[in-house]
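Student: Dropping a structure here in structure tokens format, bear with me for questions.
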Amino acid sequence: MKRTAGEKSAAGGAAGGKTVTGKAAGEGGGRAGRVGRLRPETRWAYVFLLPWLIGLVLFQAGPMLASLVLSFTDYDLIGAPEFAGTANYARMMEDPKVARAIGNTVLYTLLHVPLAIILALALALVLNRITGRAAGVFRTIFYLPSMTPYVAVGVLFLFLLNGQAGVVNAFLGLFGIEGPQWTTDPDWILMGIVLMSLWNLGSTTIILFAALRNVPRELTEAAMIDGAGPWQRFRAVTLPMISSALFFVVIINTISSLQMFDQVYTMFFGNQIAQQSYGDAALFYVIYLFQQAFQFLHMGYASALAWVLFIVIAIITLIQVRVGNRMVYYEAEEHAG
């Protein structure tokens, strides 16, 4: 029996559909097989990442989880941990030294962060005006103090801020100013710590300097043509363009200030006799945490202190990020929009 042209066309289409479907199925199966097999470069990437991942689990994630568990126990490194519920956290609310340590840490942070960023920005502006080979030399000079070990910085400033023979008071004496007892007077110890912390401005300065170098020259020149003065150009052009870098250094300086430990411990907690003269004036939160853990062996209480600090830093950082997203200019987002 002869088939009509329409039947032949339909049959051919069906046959063609089977062929195409079979081909697509074959391609899909091959693609799934290729996805299942990692490429050599991908496998090597995982191989090189493996040591870091193992270190992360063993030395960071693992201890953090262990400290979370210990924060609900009474543990002294000698006997077995005993479950204590939320007793360690309740104890923090009644511990007067915790309140004093928090007060010192917060006050130091409020003093240090704005002052450090203002001075670092001033140094970055100076660096930005230096051209030629001298620019690299000055960048190195400004960054070198950041490479000094914190313990060495603490010992150095213990001598520089000495009330009787310190260089700082000797310099003030040139102008007829009698310098305070930076390292023994409880009213001046915190200011001495703030002065010492300004030694480590190198990283913040270099970050802000890099941001200044990325400010488009065309914007500054356009502002000059419009008659804007130096301050107007800085406020209307430079600050918005470096706001993302400023936001970043505010966050990292806030976190580092809340975790202040090395220099202060070296300066004020190595001499128990001298410590009697200024009491808890230099007691910072992390120092008190360290004392509870390794001096009094209250590991459960120290773990609770550590987790409270972690949560506080996380909340502060989240607030800063929320506020920063509304105030910070990101060039990539501007171009994307």
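Placement of Cβ uses the backbone N, Cα and C atoms for every residue, glycine included.
So TrEMBL lists these for the protein:
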type     : residues : note
COMPBIAS : 7-24     : compositional bias 'Low complexity'
DOMAIN   : 102-320  : domain 'ABC transmembrane type-1'
REGION   : 1-32     : region 'Disordered'
TRANSMEM : 44-66    : transmembrane segment
TRANSMEM : 106-127  : transmembrane segment
TRANSMEM : 148-176  : transmembrane segment
TRANSMEM : 188-212  : transmembrane segment
TRANSMEM : 233-255  : transmembrane segment
TRANSMEM : 299-319  : transmembrane segment
Student: Taking pairs 6 or more apart in sequence, does the count of Cβ pairs under 8 Å between the transmembrane segment (106-127) and the transmembrane segment (299-319) hit 3 or more?
Tutor: no
Student: Report, as numbers and ranges, every residue of the chain located at least six residues beyond the transmembrane segment (148-176) whose Cβ falls under 8 Å of a Cβ in that stretch; write 'none' if there are none.
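Tutor: Tertiary neighbours of the transmembrane segment (148-176) are 182-185, 192, 195-196, 199-200, 262-267.
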